[in-house]
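Undergrad: Structure provided below as structure tokens; questions to follow.
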Ligand code: SF4
């Protein structure tokens, strides 16, 4: 492998130790279910990719900002946030300093300058009913903006259940015609590009940064399932790794939210828990620096 050594890694120059970098890359490699032997190559390639300051355009449509909140409040100020310091985040409603016309100008400039190379992150569903009038930004419907931005994107990251599958806005009767990115690609309403889905409400922050790092290193997504989700994070159900699973096996179920079983922390299956059919790694990585997840 050619290129900058790990010692000159931009993250190391940001006061992250070489040991810390390798620890981070080891964790990434492990979470992505890659062979342990690729850690040094992963670190070196990540270095090269970040040195180029890859452009990221982040579009937020019918959403609650939960995906961004989850990501930015995850493990700061650890290395995930530093990765974002080295990415050129050229457009993001919540995080960018610019507003109004200046923000839109920044998006258009980034799209032109990095055409064919920028990474497009989408959170929120896209309303397509009545020609998309139910959500507009700077006079442009979400659908039009997505069509424009997808055209020059190298790859698309659909972050959160709304961008992946329509989410809550698509609940029946779905008055806005809320759709996920994949649906729009399949129906030909937007151009088809490499797409990864990271569902969750919100998704696990480390899943976002891991697949982003994977794409920067290998210029492709990790292994995906039939729903375009990374197998390493979505290959198993929440139920399989739930902290209440032993109660499920013992057939100890809470029957009411305030009964003795609930107070004892028994399994929530009889109260409608969807853990057995939900594929995600919530029970492993959790939120708020690994503090908890909703079932806990
Ligand atoms: S609480 Fe839900 S996810 Fe956890 S063991 Fe019970 S059914 Fe499974």
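Any Cβ shown, glycine's included, is placed from N, Cα and C.
What TrEMBL says about a protein is an automatic prediction, not a curated fact.
Values in this document were obtained by computation on a predicted structure and should not be read as measured data.
Pulled these features from TrEMBL for this protein:
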type	residues	note
TRANSMEM	21-43	transmembrane segment
DOMAIN	64-214	domain 'NADH:ubiquinone oxidoreductase-like 20kDa subunit'
BINDING	64, 67, 162, 201	[4Fe-4S] cluster 1 binding site
DOMAIN	234-296	domain 'Cytochrome-c3 hydrogenase C-terminal'
BINDING	239, 242, 267, 273	[4Fe-4S] cluster 2 binding site
BINDING	282	[3Fe-4S] cluster binding site
Undergrad: About how far apart, in whole Å, are the alpha carbons (Cα) of residue 239 ([4Fe-4S] cluster 2 binding site) and residue 67 ([4Fe-4S] cluster 1 binding site)?
TA: 23
Undergrad: When the Cβ positions of the binding-site residues 64, 67, 162, 201, 282 are compared with the atoms of ligand 1, which fall under 6 Å?
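TA: Checking each Cβ against ligand 1, none of them comes under 6 Å.
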Undergrad: For residue 282 ([3Fe-4S] cluster binding site), which residues in the same chain are close in space, meaning a Cβ under 8 Å from its Cβ, but six or more apart along the sequence?
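TA: Expected: 200, 204, 238, 293, 294, 295.
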Undergrad: Pick the one among the binding-site residues 162, 267, 273 whose Cβ has the fewest other Cβ atoms within 10 Å in this structure.
TA: 273
Undergrad: Tell me the residue counts in helix, strand and coil for the domain 'Cytochrome-c3 hydrogenase C-terminal' (234-296), as DSSP assigns them.
TA: 23 helix, 6 strand, 34 coil
Undergrad: Can you tell which of 64, 67, 201, 242 has the most other C-beta atoms within 10 Å, given these are the binding-site residues?
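TA: By the 10 Å Cβ neighbour count, 67 comes out on top.
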Undergrad: Specify the nearest of the binding-site residues 242, 267, 273 to residue 64 ([4Fe-4S] cluster 1 binding site), where nearness means the distance between Cα atoms.
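TA: Result: the closest of the binding-site residues to residue 64 ([4Fe-4S] cluster 1 binding site) is 273.
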Undergrad: Let me know the DSSP-derived helix, strand or coil state of residue 64 ([4Fe-4S] cluster 1 binding site), please.
TA: coil
Undergrad: For residue 267 ([4Fe-4S] cluster 2 binding site) and residue 67 ([4Fe-4S] cluster 1 binding site), what Cα-Cα distance in Å is obtained after rounding to a whole number?
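TA: A Cα-Cα distance of 27 Å.
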Undergrad: Starting from the [4Fe-4S] cluster 1 site formed by 64, 67, 162, 201, give every other residue of that chain whose CB sits within 8 Å of the mean position of their CB atoms, in sequence order.
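TA: Apart from 64, 67, 162, 201, the close residues are 63, 65, 66, 123, 124, 160, 161, 163, 167, 168, 202.
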Undergrad: Between the Cα atoms of residue 67 ([4Fe-4S] cluster 1 binding site) and residue 242 ([4Fe-4S] cluster 2 binding site), find the distance and write it as a whole number of Å.
TA: 22
Undergrad: Helix, strand or coil: which one is residue 162 ([4Fe-4S] cluster 1 binding site) in, per DSSP?
TA: helix
